[in-house]
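Novice: Feature table excerpt (TrEMBL):
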- LYS5, PHE6, GLY7, GLY8, THR219, ASP220: ATP binding site (BINDING)
- THR49, GLU120: substrate binding site (BINDING)
- 389-465: domain 'ACT' (DOMAIN)
Amino acid sequence: MKVAKFGGTSLANAEQIRKVCDIVLADPDRKIIVVSAPGKRDRNDTKVTDLLIALAERYLAEGEAEAELAAVVERYREIARGLELSEEIVDVIEADLRERLKLDRSRPEMFMDALKASGEDNNAKVVARYLQSKGVAASYVNPKEAGLLVSDEHGNAQVLPESYEYLRTLREREGILIFPGFFGYSPAGELVTFSRGGSDITGSILAAAVKADLYENFTDVDSVFSANPNMVKNPQPIEKLTYREMRELSYAGFSVFHDEALIPAFRAGIPVCIKNTNNPSARGTMIVFEREPNGNPVVGIASADGFVSIYVSKYLMNREIGFGRRLLHILEDENLSYEHIPSGIDDISVILKEDRFDAEIEKRVVERIRKELAVDDVVVQRGLSMIMVVGEGMRHNVGTTARAAGALARAHVNIEMINQGSSEVSMMFGVQAVDEEKAVRAIYEEFFQSGPEKKHALEKETVTNR
Ligand SMILES: Nc1ncnc2c1ncn2[C@@H]1O[C@H](COP(=O)(O)OP(=O)(O)O)[C@@H](O)[C@H]1O
Ligand SMILES: N[C@@H](CC(=O)OP(=O)(O)O)C(=O)O
């Protein structure tokens with residue numbers, strides 16, 4: 001049995017949905033189908049999830065949002081017409097949205113999640129209806145009734161372990177099951193969404209629960225590439241990645257697959273395949289426990305902007321017991337999580353996501369660090385990008401850091417910080433956001449375009465993350 005997830009771009013309009021259904025019907029093992037909300041039809045389009053956020057925001061602010069509601073309903077109307085479905089499904093969707101708008105607005109996060117999730121929920125109903133119209137035994141599955149239980153952190157849910165047992169019973173159901181991605185229900189029965197892009201997580205949970213032979217993740221590119229194709233022209237496709245490599249890469253900016261989506265499949269030992277809805281015969285990228293080395297220590301280079309660094313220095317910091325704990329405690333009091341902590345003898349930097357660190361929080365945090373930790377200096381630097389260089393082969397390969405740093409120096413990119421990840425399969429460079437693309441291209445050229453003479457032939461062992 002296979003679980004197949006189709007992303008927003010794969011379901012953006014009627015033509016795409018027809019392709020998806022052809023793919024589903026082409027393989028009888030594709031039994032559980034996870035769908036996203038309709039995504040962008042072209043570069044300048046808006047995803048239905050973003051239309052729904054706009055709808056919820058306006059309704060929360062003004063108690064009225066007819067234009068925003070109409071924009072969402074129109075997307076489904078266009079799809080229903082293109083699929084030659086009766087208009088009745090559009091009425092059902094509009095009625096559903098109007099019901100959701102009646103929910104308690106005094107709890108904006110709950111209200112927002114209910115609206116956001118309608119994108120996948122209604123799309124799952126459309127896809128099921130279309131398959132039924134073709135005489136296929138397909139049915140929509142409601143995540144509540146199926147037992148997809150999640151924590152109650154709105155917009156950032158985590159699956160609860162008991163879900164797996166409930167969801168396992170999906171195996172026994174007849175026909176093709178169309179399951180909406182992106183949300184589950186808290187034990188109190190409230191709808192809660194995963195973070196953005198979270199339909200990938202739903203697919204992984206279901207694949208783990210039903211012990212699928214394969215989790216297929218259909219998107220709009222032939223494979224995962226060794227660098228973001230929006231930054232590097234024709235980057236090398238990747239045939240195979242280990243779970244650990246993919247987790248590092250997706251965490252660090254490969255938006256093609258959600259970084260939290262790997263864990264359920266990994267724990268259950270389910271291989272993941274990233275494939276293209278628009279070119280299903282392309283082999284795609286397989287994500288597995290281990291892969292053969294290919295002579296290149298680096299498999300991919302990811303990047304993301306929007307980071308801030310808090311640099312703290314204090315003479316003899318290394319001898320002060322509890323310094324790190326007290327520093328992190330200050331962040332914990334502000335409900336801040338951190339991303340990286342490169343450190344030296346007398347200094348330490350804490351890297352955070354910038355969007356959660358506004359000027360007010362910054363002032364409080366800096367004051368407390370100065371006062372409570374009696375430091376020599378504390379400097380906040382905003383506008384940073386993190387470049388992550390990833391590859392299992394880096395564990396056995398001396399000199400990878402020097403090659404990457406050399407490439408950055410030649411491209412005149414100033415390195416603000418380096419963190420050789422403890423996982424040994426990644427290294428991180430902090431650079432100014434303006435230099436992000438230049439940095440990615442420079443490292444890409446070093447490891448993927450410099451000719452065979454530069455490739456390290458040292459990597460002998462099978463790379464593994466078992
Ligand atoms: N390294 C990469 N390899 C492949 N695609 C990437 C990479 N980095 C970023 N992307 C982008 O991810 C996109 C697919 O992800 P997403 O838009 O979330 O798709 P979906 O709608 O299928 O969920 C691709 O179109 C591509 O622009
Ligand atoms: N529609 C949701 C969830 C999702 O996974 O979407 P997509 O498959 O289009 O990335 C979002 O936009 O966040």
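Heads up, the Cβ atoms here are built off N, Cα and C, so glycines get one too.
TrEMBL: automatically predicted annotations, no manual curation.
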Novice: Using all protein chains in view, find how many other C-beta atoms are within 10 Å of the C-beta of THR49 (substrate binding site).
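Specialist: THR49 (substrate binding site): 25 neighbouring Cβ atoms within 10 Å.
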Novice: For the binding-site residues listed here, GLU120, ASP220, which shows the highest count of neighbouring CB atoms within 10 A?
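Specialist: Counting every other Cβ within 10 Å of each candidate, the maximum falls on GLU120.
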Novice: I want to verify one value. Collapsing DSSP to three states, which class is GLU120 (substrate binding site)?
Specialist: helix
Novice: Looking only at Cβ atoms, how many others are within 10 Å of the one on GLY8 (ATP binding site)?
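Specialist: The answer is 25.
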Novice: Let me check the 10 A CB neighbour count of PHE6 (ATP binding site). How many other CB atoms are there?
Specialist: 30
Novice: Could you check what DSSP calls GLY7 (ATP binding site) once collapsed to helix, strand or coil?
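Specialist: In the DSSP reduction, GLY7 (ATP binding site) maps to coil.
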Novice: My understanding is the cutoff is Cβ-Cβ under 8 Å with a sequence separation of 6 or more in the same chain; which residues meet that for LYS5 (ATP binding site)?
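Specialist: Correct list: ILE33, VAL34, VAL35, SER36, GLY181, SER199, ASP200, THR202, GLY203, TYR215, GLU216, ASN217, PHE218.
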Novice: Given the ATP site residues LYS5, PHE6, GLY7, GLY8, THR219, ASP220, which other residues of that chain have a Cβ within 8 Å of the mean position of their Cβ atoms, reported in sequence order?
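Specialist: Near the ATP site, the remaining chain residues are THR9, SER10, LEU11, SER36, GLY39, SER199, ASN217, PHE218, THR277.
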Novice: How many other Cβ atoms sit within 10 Å of the Cβ of GLY7 (ATP binding site)?
Specialist: 25
Novice: I'm trying to understand the geometry here, so how far is the Cα atom of THR49 (substrate binding site) from the Cα atom of GLY8 (ATP binding site), in Å to the nearest whole number?
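Specialist: That comes out at 9 Å between the alpha carbons.
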Novice: Report the largest Cα to Cα distance, in Å and rounded to a whole number, among the residues LYS5, PHE6, GLY7, GLY8, THR219, ASP220 that the record lists as binding ATP.
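Specialist: With LYS5, PHE6, GLY7, GLY8, THR219, ASP220 as the binding residues for ATP, the largest Cα distance is 12 Å.
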Novice: For the binding-site residues GLY7, GLY8, GLU120, THR219, ASP220, which residues place their CB under 6 A from an atom of ligand 1?
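Specialist: Only GLY7, GLY8, THR219, ASP220 qualify.
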Novice: Could you list, ordered by sequence, which of these binding-site residues: LYS5, GLY7, GLY8, THR49, THR219, have a Cβ under 6 Å from ligand 2?
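Specialist: Checking each Cβ against ligand 2, the ones under 6 Å are GLY7, GLY8, THR49.
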